[in-house]
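Engineer: Encoded as structure tokens, here's the structure I'll be asking about.
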Amino acid sequence: MSKPLPLILESPRRGQPPKHWADLTPAQRRESIEAAGHRAFRARQLSAHYFEGLRTDPAEWTDLPETVRASLAEAFMPQLLREVRTQTADDGDTVKTLWRMFDNAMVESVLMRYPDRVTMCVSSQAGCGMACPFCATGQGGLQRNLSQAEIVEQVIDGSRRLKADGDRVNNVVFMGMGEPMANYKAVIGAVRQLVAPNPDGLGMSARGVTVSTVGLVPRMQQLATEGIPVTLALSLHAPDDELRDELVPINTRWNVDEVINAAWEYARQTKRRVSIEYILIRDVNDQAFRADLLAKVLKRRGNWGWVHVNLIPMNPTPGSRWTASRRRDEEEFVRRLRDKGVPVTVRDTRGREIDGACGQLAAHES
Ligand code: SF4
């Protein structure tokens, strides 16, 4: 096996993107507007344009004097994301966008329309430092943390795409590129903007937001104290330390027992059911005995109300030795969990033809 990549927990020090309206709290927006020589109520007008109307073109800010529109846009709404490419699949219901940022770092986001909801999968870092060997993003290492506004802008773009149809983004999942808990401050700041009522934010329900993690235990504990009942998704991928040390290298820092304890604590404190994510990889983690072991380690924490297992068929990347489970192995895995009473679903493979499986996004320009 090739040498494991190093874990990178701290973002390399690089230039930061320009400050944006979505980086600021409502109080900071008022202060900034006044500091720029405008009346404080302009802050509310700008927020209404941005979060409610999804209007970033100053020509559309018709309730503001024409003389100030351009300077406000320049000061507070610099363009952070430049679209490089958009791919669609599933008859146009799945849209993946590749973005280039101010420093040429690239990230992706995916918009998925279902009959009853719209889910947006966003990236929280350019690259990822968690070095999971089966993940294309992990192989490139971490370039940098995204800013709060760079995260929010991905959702604003998705909402804008839906606007003409009268649709809106109902769910946001932090399962694109990056480990959200390694960029905690920006991720929590972005979540606050998603759930803040209009016009200060997008007015989404916290229940519609899912934050994933490979298991940065101190951050999981911190998330439980934020008072925002988001869904926590723990990417477990193996129920035993021996295999998880290899598949999810951060396990050498916080092991299976510790991450499951932290997940259980999160469920206990927030009363939100935790999702256990488990990518099924052929002959690696999909054996029947691992299904039994998974049930056992989850059950140790009490009845099933606190947890739900989400099995994810592997989305193979070209040239990778990791591939999807055989159908019969997947079915056996599910059957064994169900037999033990574990709530389990198999994630649909939405976007498979455009590499759109969350957590396996890779920003390659080809
Ligand atoms: S699976 Fe997730 S945490 Fe692991 S390297 Fe890929 S993006 Fe990072």
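Note that Cβ sites are derived from N, Cα and C of the backbone, with glycine treated the same way.
Below are the features I grabbed from TrEMBL:
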REGION    1-22  region 'Disordered'
ACT_SITE  Glu108  active site, proton acceptor
DOMAIN    114-353  domain 'Radical SAM core'
DISULFID  Cys121-Cys358  disulfide bond
BINDING   Cys128, Cys132, Cys135  [4Fe-4S] cluster binding site
BINDING   Gly178, Glu179, Ser212, Ser235, Leu236, His237, Asn315  S-adenosyl-L-methionine binding site
ACT_SITE  Cys358  active site, S-methylcysteine intermediate
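I'd like to know what surrounds each of these features in this structure.
Structural biologist: Sequence-distant contacts of the region 'Disordered' (1-22) (same chain, six or more residues past either end, CB-CB distance under 8 Å): 29, 46-47, 50, 76-78, 80, 101-103, 125, 129-131, 133, 138-139, 141-145, 147-150, 152-153, 156, 182-183, 190, 193, 216, 246, 249-250, 253.
In this view, Glu108 (active site, proton acceptor) is surrounded by 25 other Cβ atoms within 10 Å of its Cβ, with every protein chain counted.
In the three-state DSSP scheme, Cys121 (disulfide bond) falls into the strand class.
Taking a C-beta cut-off of under 8 angstroms and a sequence separation of 6 or more, Cys128 ([4Fe-4S] cluster binding site) has the following same-chain neighbours: Cys135, Thr137, Gly138, Gly140, Gly141, Leu142, Met177, Gly178, Glu179.
In three-state terms derived from DSSP, Asn315 (S-adenosyl-L-methionine binding site) belongs to neither a helical nor a strand segment and is classed as coil.
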Engineer: Check the recorded positions Glu108, Cys128, Cys132, Cys135, Glu179, Ser212 for any whose Cβ is under 6 angstroms from an atom of ligand 1, and report them in sequence order.
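Structural biologist: Among the recorded positions listed, those whose Cβ sits under 6 Å from ligand 1 are Cys128, Cys132, Cys135, Glu179.
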Engineer: Mean pLDDT across the domain 'Radical SAM core' (114-353), rounded to an integer, is what?
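Structural biologist: Over the domain 'Radical SAM core' (114-353), the predicted model scores a mean pLDDT of 93.
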Engineer: Out of Cys132, Ser212, Leu236, His237, point to the one nearest Cys121 (disulfide bond) in space (Cα versus Cα); all of them are binding-site residues in the record.
Structural biologist: Ser212
Engineer: Among Ser212, Ser235, all listed as binding-site residues, which has the most CB atoms within 10 Å of its CB?
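Structural biologist: When each Cβ's neighbours within 10 Å are tallied, Ser235 leads.
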Engineer: Please work out which residue of Glu179, Leu236, His237, Asn315 has the most C-beta neighbours within 10 angstroms of its C-beta, and give that one of the binding-site residues.
Structural biologist: Glu179
